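J.: To start, I am sharing the structure in question, which I have written as structure tokens.
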Amino acid sequence: MGWPCRSIIPLLVWCFVTLQAATREQKQPHGFAEDRLFKHLFTGYNRWSRPVPNTSDVVIVKFGLSIAQLIDVDEKNQMMTTNVWLKQEWSDYKLRWNPEDFDNVTSIRVPSEMIWIPDIVLYNNADGEFAVTHMTKAHLFSNGKVKWVPPAIYKSSCSIDVTYFPFDQQNCKMKFGSWTYDKAKIDLENMEHHVDLKDYWESGEWAIINAIGRYNSKKYDCCTEIYPDITFYFVIRRLPLFYTINLIIPCLLISCLTVLVFYLPSDCGEKITLCISVLLSLTVFLLLITEIIPSTSLVIPLIGEYLLFTMIFVTLSIIITVFVLNVHHRSPSTHTMPHWVRSFFLGFIPRWLFMKRPPLLLPAEGTTGQYDPPGTRLSTSRCWLETDVDDKWEEEEEEEEEEEEEEEEEKAYPSRVPSGGSQGTQCHYSCERQAGKASGGPAPQVPLKGEEVGSDQGLTLSPSILRALEGVQYIADHLRAEDADFSVKEDWKYVAMVIDRIFLWMFIIVCLLGTVGLFLPPYLAGMI
């Protein structure tokens, strides 16, 4: 009996100790299990060696990209600034464990500085930060899988095509790959064929049309090895509302002012001033565009071509306006209007331009106007000449000059019989002679002795009356010359108006074609 009892007591003690240990392990917190797991994983772990059992093995890194924000597209410096998350997964055989040994812990987060991570960088970086700067923690799983998603803000170089600016669409890319390891050491695998846009914050200036990832492998000139990379291609389209309101519409309105230059009358004297003002305004807008678009000589933006085209036409309008003003102020004393100018610009062109010159209205009989017809210029003179000549001044001179006049008459007309013809006859003769000159007909001859007109005989005129008639004739000729000059000046002004109207329609057509040419190519390319 003694021996079985002595053998049972040690067995009971062992069971009691085992139960005590099991109870203590169950009462230990979860953090203690992770602490033991950390010690288990990183005791003797070397973060500088590739996580492969054999040197010839390749580490497969699954790579994906998630974009959070398209911060900016700098056309001047040709850079695209993005806020992205780099999704990376690979397998590390040295970081495996049995979850049952560590209180069923299947995954833990560890600082990325403690483990091996692939040196994946952005190849086409534009600001010097090629790698990830914020080292977030990595997610480890019990089967050895490592998942690391660090955020990063990259400035990648992007070739900007401003042909259809501001209705342009850009193709930018981000090229990621290992900087140190070639394809025999690290190979990349595209995690997703498209960029993850689930967490994308919409931009107010650009819209992402498409974003895909593509695997590439390339042999560079520096090395004999082949290096893999995954390139993400972004197709982004500019939202043109801002530039339409602040750039395009003002440009179109200023261009339309060029048309008004040819509708402005030449007498106002502001045609050249308006042309220069429009030219300066277009120059300011062209300077604004040069501040936005990249400094390249490969292509000129569509809006720049439109502004340059308009500036050329404004310059031509200044030249044409100077010519029109020269034509407008021509006169018979400086220029003679050729026959072809009269027939072409006064007869042929106005009919095609729907221009109708108002006819010259002559004043009706019994009415007085500013200018009388040439045949009636002497009407007032005739009335003045038919007044009695026995005025006071003539009576005084008659006594002094009577003897001298009689001697001159006898010498000039020896056969003429002195007659007491009335002064009314002399006035009648002189008026008829002057009227004959004014009407273009022959002046009546001086009647000789024995010839009678009615009951009166032809008599000579006194020198004072002859001088008066010469003054009247001079005034009549001067008024007729003024009428002719005025008519020619009006013809030149009408020629200038016809030239203005020709270029008015030409500029309207050019303005419409330029507007259509501005919007049609982007529309056909599907960018509007």
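Counting begins at 1 with the first residue displayed.
For all residues, glycine too, the Cβ spot is worked out from N, Cα and C.
The signal peptide annotation in Swiss-Prot covers 1-23. Here Swiss-Prot flags 24-239 as topological domain 'Extracellular'. For Asn54, Asn104, the entry in Swiss-Prot reads N-linked glycosylation site, with the evidence type sequence analysis. If you look up Swiss-Prot, you'll see Cys158-Cys172, Cys222-Cys223 marked as disulfide bond, on the strength of similarity to another entry. Look at Swiss-Prot and you will find 240-264, 272-290, 306-327, 502-520 tagged as transmembrane segment. Swiss-Prot lists 328-501 with the feature topological domain 'Cytoplasmic'. Under the heading region 'Disordered', Swiss-Prot lists 390-427. Residues or ranges marked as compositional bias 'Acidic residues' by Swiss-Prot: 390-410.
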J.: Using the structure shown, find which entry in Cys158, Cys172, Cys222 (the disulfide-bonded residues) has the sparsest Cβ neighbourhood within 10 Å.
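T.: Fewest other Cβ atoms within 10 Å, among the disulfide-bonded residues Cys158, Cys172, Cys222, is found for Cys222.
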J.: Whole-number answer please: how many Å between the C-alpha atoms of Asn104 (N-linked glycosylation site) and Asn54 (N-linked glycosylation site)?
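T.: If we compare the Cα positions of Asn104 (N-linked glycosylation site) and Asn54 (N-linked glycosylation site), the gap is 30 Å.
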J.: Within 10 Å of the Cβ of Cys223 (disulfide bond), how many other Cβ atoms can you find? Include all protein chains, please.
T.: 9
J.: Of Cys158, Cys172, Cys222, Cys223, which is closest to Asn54 (N-linked glycosylation site) if I measure between C-alpha atoms? They're all disulfide-bonded residues.
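T.: Sorting the disulfide-bonded residues by distance from Asn54 (N-linked glycosylation site), the top entry is Cys223.
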J.: Which whole-number value in Å describes the distance between the Cα atoms of Cys222 (disulfide bond) and Cys172 (disulfide bond)?
T.: 25
J.: Which bits of the chain, at least 6 residues beyond where the transmembrane segment (240-264) starts or stops, bring a Cβ under 8 A of a Cβ in it?
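T.: Sequence-remote neighbours of the transmembrane segment (240-264) are 165-167, 205, 270-271, 274-275, 278, 281-282, 285, 288-289, 303, 306-307, 310, 313-314, 317, 320-321, 500-501, 503-504, 507-508, 511, 514-515, 518, 528.
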J.: Fewest other Cβ atoms within 10 Å: which of the glycosylation sites Asn54, Asn104 wins that one? Let me know.
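T.: If we count Cβ atoms within 10 Å for the glycosylation sites Asn54, Asn104, the smallest count is at Asn54.
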J.: Could you give the Cα-Cα distance between Cys223 (disulfide bond) and Cys158 (disulfide bond), in whole Å?
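T.: Here the two Cα atoms are 26 Å apart.
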